[in-house]
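Have a look at the structure below before the remarks.
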Amino acid sequence: MEQRWGLLRRVQQWSPRPSQTIYRRVEGPQLEHLEEEDREEGAELPAQFCPMELKGPEHLGSCPGRSIPIPWAAAGRKAAPYLVLITLLIFTGAFLLGYVAFRGSCQACGDSVLVVDEDVNPEDSGRTTLYWSDLQAMFLRFLGEGRMEDTIRLTSLRERVAGSARMATLVQDILDKLSRQKLDHVWTDTHYVGLQFPDPAHANTLHWVDADGSVQEQLPLEDPEVYCPYSATGNATGKLVYAHYGRSEDLQDLKAKGVELAGSLLLVRVGITSFAQKVAVAQDFGAQGVLIYPDPSDFSQDPHKPGLSSHQAVYGHVHLGTGDPYTPGFPSFNQTQFPPVESSGLPSIPAQPISADIADQLLRKLTGPVAPQEWKGHLSGSPYRLGPGPDLRLVVNNHRVSTPISNIFACIEGFAEPDHYVVIGAQRDAWGPGAAKSAVGTAILLELVRTFSSMVSNGFRPRRSLLFISWDGGDFGSVGATEWLEGYLSVLHLKAVVYVSLDNSVLGDGKFHAKTSPLLVSLIENILKQVDSPNHSGQTLYEQVALTHPSWDAEVIQPLPMDSSAYSFTAFAGVPAVEFSFMEDDRVYPFLHTKEDTYENLHKMLRGRLPAVVQAVAQLAGQLLIRLSHDHLLPLDFGRYGDVVLRHIGNLNEFSGDLKERGLTLQWVYSARGDYIRAAEKLRKEIYSSERNDERLMRMYNVRIMRVEFYFLSQYVSPADSPFRHIFLGQGDHTLGALVDHLRMLRADGSGAASSRLTAGLGFQESRFRRQLALLTWTLQGAANALSGDVWNIDNNF
């Protein structure tokens, strides 16, 4: 009893102190000594904290300054319920706080990441928690700015035409660098593709000819190495016509002005659309050939910045597609048998790049009406008339060569979901120095490999595998990337989570653009808020945009272009993708796809800010990889596609009256969109109410989320006939864009004009429209059904 009194007195004396609990077993002489200490400490306490003196039932405690008799037994009985209640409250509060903290740790990396040393059994050891701020600091600590600039400079000095002997040397050098990093796998993948090159024995030529076809004057093509890969070969003769950018609307305007396009040679400017699109549109309007030149008005006029030389032509392929056009839909592996077909995107008319100097000579010969003011460029000696001009003959002698190209792969395996890949890639080859075209991307890619390897060595444990790829054949239309996708499509659509492209990432230091799938928009917004602007001190990239534009995404977000490797991942393989780019505020980077795309010109163009801009891109890509590779729940906004569908439905509503007159309706499309939105909302609620530490459940949700993009690939067309099956981004009769183009034929004036290749020369065909509408609707409905999960959760009232 004496021991219990002493302990109770000790609790009473310590009650005003901070809440620190230490348990120590005392008995015998130690307890007597402890009581003596207690009496001494109690004497020093102020009156209001005077402890009870407990000596037995016949004694009462007293305290100087006040007299409150407290019988010891009554005090014990009164204190016991309070002690029990306080204990329960503390236990309950601790349990709730621990539960909330644990759930939070399982969410996005904005909270925390649990990292376990790979050499220790996780069940036998404690866990080391790395928070998002820790991961950011670790990433920035290992990311090296100086190394990237050196790599850009050195890479741009090396010849790296796809399939060349010097490219093989570069491949080996990169493999040697990767072998020095802590990586799980490093390998190469070789494809044998058909690439087109100039014939050194028979150069391409351009001549003025008379009515009989006799040559009057030869126009020298200053650099015989500049050409358009995949151009049709042979002769093309016709009257010259100036056609602005060569868009469909430009050629429509020419027809409206009475300019004859059939049988002509078109002179068009670089920009707005790709070379392949310009040639495809010209072919649809009956032109015989296309000449493409860079007009000075399309590039920066800043006298303090370098400009493109007037004698320099711009390189560009003219295959309206990606990959090897001689094996469409099939991978170009060695010894593989292919059907005797070619891509429908190959042009049937020749095309050739020319310089501004040659274009000036051609424009001076044109007669006919003066071009609209907005069509006029900055060639000082030209009046910019529309034509026609004298007869011109173009001869193209390019030839096809079977060429081996090699992609390089490096992998860090995931620790929880190694069969799910976060992929990042950059083009390695270039026609010319290619500083901005591919040296920047290659430098960032290699630095990210080194950085993440160092992070893993220092405790970072990504849940999913990181796959770093250096592509070959990019200048010929993302050949290396597309052939790899074709070869492993059956695997990749189940395993690839996201693709991040580093191509063309630094073309200036003004505007920032993200060409991306809608699934990544919310994640990009989050990352932009955490990366500093390279040219606005004290601001993040998000603040740089948001302070000057009310809608940040309208300024930053753009659709994926066909000439990007990211396009193949999304439109062909159904993998969400993104490509970042810093651009000039007023004009495009003038040296892209020319021999003047050197490190020196890029450095001058950015006024010495190249290291800062490259660092910003690396931070964007790196933080994106961290989020995608280790968040328990994939940060993909699957609800965004509901807004995309609604936006497209707005275009269809314009024709609802015309359709009603024919007994047709768009109700099925509206219903499918509603089912998709409901499925997305239901999945979101399921995730919100689920246990985040349930690994099996989280994996099930992640599988459904990562396949959303794949759901929008039409299952009703053949990948061999229509490789780009995506109903929003793809090419073909199955797309929503083709459906809208077909609807426009309802109001066509009978002139035979068309707004796209798909509808050129055709009127509205009700049976074709019904088929288009049905296939589109069922693709959208299939996406809604797949997002719903199990078959018993699907709304079958469609």
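Cβ coordinates are placed from backbone N, Cα and C, and glycine is handled just like the others.
Feature list (source: Swiss-Prot):
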- 1-81: topological domain 'Cytoplasmic' (TOPO_DOM)
- 23-26: motif 'Endocytosis signal' (MOTIF)
- 82-102: transmembrane segment (TRANSMEM)
- 103-798: topological domain 'Extracellular' (TOPO_DOM)
- ASN235: N-linked glycosylation site (CARBOHYD)
- ASN334: N-linked glycosylation site (CARBOHYD)
- ASN535: N-linked glycosylation site (CARBOHYD)
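This view paints the features noted in Swiss-Prot onto the structure.
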residue : record                      : Cβ neighbours (10 Å)
ASN235  : N-linked glycosylation site : 15
ASN334  : N-linked glycosylation site : 9
ASN535  : N-linked glycosylation site : 16
**Fill in**
The rounded CA-CA distance in Å from ASN334 (N-linked glycosylation site) to ASN235 (N-linked glycosylation site) is 33
**Fill in**
ASN535 (N-linked glycosylation site) sits from ASN235 (N-linked glycosylation site) (Cα to Cα, rounded, in Å) at a distance of 50
**Request:** Check ASN535 (N-linked glycosylation site) against DSSP and tell me helix, strand or coil, would you?
**Result:** coil
